[in-house]
Amino acid sequence: RTAMLSGYCQAGRIAEARLLFDDMPKRNVVSWTAMISGYSQNGKLNLARKLFEVMPDRSEVSWTAMLVGYIQAGHIEDAEQLFNAMPEHPVAACNAMMVGFGQRGMVDAAKAVFERMQEKDDGTWSAMIKAYEQNEFLIEALSTFRDMSWRGIRPNYPSVISILTVCSALAILNYGREVHAAMLRCSFDMDIFTVSALITMYIKCGNLDKANRVFNMFEPKDVVMWNSMITGYAQHGLGEEALGIFNDMTIAGMAPDGITYIGVLTACSYTGKVKVGREIFNSMCKNSAIRPGAEHYSCMVDLLGRAGHVDEALDLIKNMPVEADAIIWGALMGACRMHKNAEIAELAAKKLLELEPESAGPYVLLSHIYTSTGRWEDASKMRKFISSRNLNKSTGCSWIEYDKRVHLFTSGDILAHPEHAIILKMLEKLDGLLMESGYSADGSFVLHDIDEEQKLHSLRYHSERQAVAYGLLKVPEGMPIRVMKNLRVCGDCHAAMKLIAKITSREIILRDANRFHHFKDGFCSCRDYW
């Protein structure tokens, strides 16, 4: 009878399950728990709690079933009250509570449960890692995974996926390789979800060759894998390769989804393939089961804007059937900065203020446009406006992995790193070499109207230059220097990186907020189109 009751609940036939439960001549704690779980799983938490309150005997499983019901429904306050009332805290209940806290961004609460536990299983560690990862406590997630490994605890699927996501976000390739090795030891390399996360990790760490090898070895491939490769090639500025993968996908009989079209249109945008992009977008509108959404129109605005068709991009926004969001207006704003179109930039900035009133981003871009065109008075007014509104401005920071540690650098704050003395010397050395090579700093990327010497000083300490200088000091010759930045790389640093790569005979791979730049022999993979 209990097995039949559970079957009814799993099928959503909750009324029949209750009739069977009421007709049972004898019920044990398993029967009561099955009925409570059935109510919880079918969203009837009030009935579940009423039944729970009249249970003659409660087991750890009963308490945990009620707790999980609250957590799955997002009722974290009710779950926390129940958890605190439990006479014992079994591992399963603690794990569930940590998951619930993590989903609500209550990382400290999850950590408190984790630290109080006398016994921990792989689910415990996985829950803590996930709580850190989903709330962007990336270094803490990495540290916890390492601690788990040192204690000899075998990772499970969720913890592997979480830590690969962390490696992707931080672009720490060496540790990602170690996780790949752990996957092979645990035979996780046959699971489609972990392999998809692995491919994404290699792509976001700038190792496309390895991502491609993993992709080619795995069968059968799902749409997520195909999308990862298309998007990966697009982010690295390899438009032809991205379109080739898209063609292979259609030949293989895999139907593209909305993400696929975003990847393909992005590839066209990053490589200036306006005609191809228009054809793919028009084909999507006419022949595909996927209807273009705001994200697809954003790709088209970006494609047209980058190529200099700013007016056409604005017309597209005015005539598209979906409401323009901040991403779409942001894409237009970026195009205005690239092509110094202050008039349309002012319109876009006004729209962005309505959609994201707390963001300083569009006004910082508009200030850049003013300074690049010599409108210092307008730029000054814009800075005062940003200050008066207390708008949030993201600080530029870059990081590099070395010796299993992530080294963070902030623009203008060279003294924060413990080895700042040798980094300063390297930056001064690079300045001399750059000058000898004919480099001239582009002061238009400095927001303030200051003299040329001060502009040069400001540009020298941009976070990506500090990270590259540290990489030149620490990363062995013959190995690429991999740097990540949270914002778009500025034009002056982009020009300097090409020369630094040539002067030092080193390959520099820079991942900024938008894409990858591979600097080698005085050239960049983006071909100065970014």
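The backbone N, Cα and C atoms fix where each Cβ goes, and this holds for glycine too.
Database features (TrEMBL):
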type   : residues : note
REPEAT : 1-27     : repeat 'PPR'
REPEAT : 28-62    : repeat 'PPR'
REPEAT : 90-120   : repeat 'PPR'
REPEAT : 121-155  : repeat 'PPR'
REPEAT : 222-256  : repeat 'PPR'
DOMAIN : 438-530  : domain 'DYW'
Close approaches to the repeat 'PPR' (90-120) from elsewhere in its chain (Cβ under 8 angstroms; 6 or more beyond its ends): 60, 63-64, 67-68, 70-71, 74, 76, 79-80, 83, 127-128, 130-132, 134-135, 137, 153
Summary of DSSP states over the repeat 'PPR' (90-120), given as helix, strand and coil counts: 23 helix, 0 strand, 8 coil
Within-chain partners of the repeat 'PPR' (121-155) [C-beta distance under 8 Å, separation at least 6 from its ends]: 91-92, 94-95, 98-99, 101-103, 105, 107, 110-111, 114, 162-163, 165-166, 169-170, 172, 175, 182, 186, 406
